[in-house]
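Worksheet: the structure to be examined is printed underneath.
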Amino acid sequence: MANQIDESKPISDLEIMRHSAAHIMAEAVLSMFPEAKLGIGPAIDTGFYYDFDLPRTLTPEDLPEIETRMNQLVKSNLPFRREEMSKDEARKLFANQPYKLELLNDITDETVSIYRQGNFCDLCRGPHVNYTSKVKAFKLLSIAGAYWRGDEKRPMLQRIYGAAFLDKASLAEYLNMLEEAAKRDHRKLGKELELFSLHQEIGGGLVNWLPNGAIVRHLIEEFWKKEHLKRGYDLVYTPHIAKVDLWKTSGHWGFYRENMYSPMDIDGEEYVLKPMNCVYHILMFKNRTRSYKELPIRMAELGTVYRYERSGVLHGLSRVRGFTQDDAHIFCLYDQLEKEVVKVLDLAKFMIDTFGFTKYKVMLSTRPEKYVGELDKWEYATDILAKALEANQIPYQVDPGEGVFYGPKIDIKFEDALGRTWQGPTIQVDFQLPERFDVSVVGEDGKDQPVAMVHRTVLGSMERFMSCLTEQYGGAFPAWLSPKQVMVIPIADRHTEFAEKLACELREEEVRVEVDSRSETMNQKIRQAQLAKIPYMLVVGDKEIETQSVAVRTRTGSQQVMPFAEFKSMLLAKIKTKSTEI
C-alpha cells in the first residue's frame, strides 16, 4: 500500500499527517515510559490523540517534555516504513502490548500491516507521511481519561490530545481560536452570568436554570411558540413517563434501550422515563377518528425527555441527561410529505437566521445497519428529503448509515462565531411508527388510508441551543434576549429619582431594567454592568435631568447623549425586530 502524500488532496494529506503525528507522540511517550501499554491513536478533526496505559497519572506539566521529544524525532527525519506480516508474527511483535493483541484478535485477515519509525512500531493500516520531518506544526493540548474501547467496564486509559496542521500559521490561528473558545465556554459564562447551575446532589447532567438563564430560555420559547402557531402548529403537552409496553410497541425498547433509564415499578406495572415525545403525539392523533381532509396535522411541544449518557461524556448544557426538545410531529398523506418538509426547512432557516447563525451545512443521513421497515419505503422517504432540499436550493452532503432506526433524516449543523459546528435542526420522515401504531385516516373512498409522519426539531434541545447561543455571543446576548437590557446609573443620590422615573417608563414597555443606586463610584457601576454584559447603560446627572436626555453607554464602550424618548424608541425597535446588533 502506498504511503505517499497526494498533494492533489489537501484534506487527505492533513489527515495523513495528523495520523503520523499520533505515532510520533506514541514514540515520545514510550521513550519516557518504556513499560507503557498502547491503545489507539487516530487522526481527528483538528489533530490527533493517543491512548496510553501508564505507570503513573500524567499532568499538564508532562506535555512540554513529550512535545520536546516529539520535536527531536521530527528533526531526526526518520522514515515511516510499512511492513506486512502474519497475525502470528504480529502477536510475537506485540507480545507485551495487551491492547494491540486484542485488536489483532478482531482482525479477520491473516495478514496485517504495521508501520515503523525510529524505535517505534504500531499495528496500523496507514498511510503515513514519508518522513517524520513532514510533521511541521503541532501542539499538545490536554490529557483526559478514556475507557478502553469506550466501555466503562474496561480499563481507564490516559488520552493525550494534540493539534496538528500543515503549516505553523494555521496552527497559530487554531490555537488563538481555542483561547477565544475558552473565554466563551458556556460553563464558565454560565457561572459568571448566573445562567444555570449543576449540582452533584441532584445528579450529573440535570440542569437548574437560574433566573438570568430562565429569562433567556423563556424568551426563546415564547418566540418559538408564536412562530409555530403562526405556521399552523397546535401546541401540546405530554407526561414525563409511560408504561414500558408503549416503548416496546414503538420499537424504542428494542433499538434504543441502552439510552433509556431502567423501569420503575408503579402498582405492579413497569414505567420508564420518556426518551422521546413522538409516541405520545401518535396516541393524541389516534384520540379520535380523523378524515384525510384534516391533514396535515402539526403537533408541537417543548417536551422534556431523559436519555442515559455516560458520566464521562456529560458537558455543561451541551451534553445532559434531562433536556427539553423543541419537538414537533407532522401527520400527513404521502403526497403531502414533500411540501411539508419544504415548509419545515423554511421554518428552520428562519429560526436559526433570527438567532444570528448564517452559516450552516446540511447532511442527508440514510439507512443505518439496524433499521425497521421495508427497503422501498426507506428509499421513497430518502428521495422525499432530497427533493425538499433541492426545492429549497439547499446544498447537502449524503451521510451514509447515519439515519435513525425508523427513517432517514436531514441534519442541519450551524457554524458559530469561531467556526465550530453545532447540531441544529433535524427532520425525519417516518413510515414505520405510524404502521406500528396502526395510524390511519378515513380516505375519500371511506376506507382507511395510511398516514406518514415527520419528526422535526428546529433548535434541537433548549439546553444545547443555550450552550451554543452563549458561546456564539460570548454571553453578550442581543438586546432582545439579554436577561437585563438596561442599567440606569445615577451619578449622585439626587439623581436617583429621575433614574427611577426613566426605569418606570421602560418597564411599562416590558423592558428589563434596573437602577444601580448603590453608594459606589459611577465608574465602578459602569464596570459592573459591563461585566454583567448588559447591553445599555444610561448615565444620568444634572444635565440629563435638565434636558430630559440620557448619556448612553453600550457594553462595547461606545457613548452617545440623546433624548430619552429617542433612546426608548431605538431600543424598542431593536427588541421588536430581534436585532443582533447593539
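Every residue gets a Cβ built from N, Cα and C, even glycine.
Residues or ranges marked as region 'Catalytic' by Swiss-Prot on the basis of sequence analysis: 185-478. The annotation Zn(2+) binding site is assigned in Swiss-Prot to C278, H329, H455 on the grounds of sequence analysis.
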Close in space, distant in sequence - C278 (Zn(2+) binding site), Cβ under 8 Å, 6 or more apart: S250, D327, H329, D430, L433, M453, H455
Least Cβ-crowded entry, counting other Cβ within 10 Å, from the binding-site residues listed as H329, H455: H455
Across the region 'Catalytic' (185-478), average pLDDT on the 0 to 100 scale: 94
Other residues, Cβ within 8 Å of C278, H329, H455 Cβ centroid (Zn(2+) site): M276, N277, H281, I282, D327, A328, Q428, D430, L433, M453, V454, R456
Where H455 (Zn(2+) binding site) sits in the secondary structure, as DSSP reduces it to three classes: strand
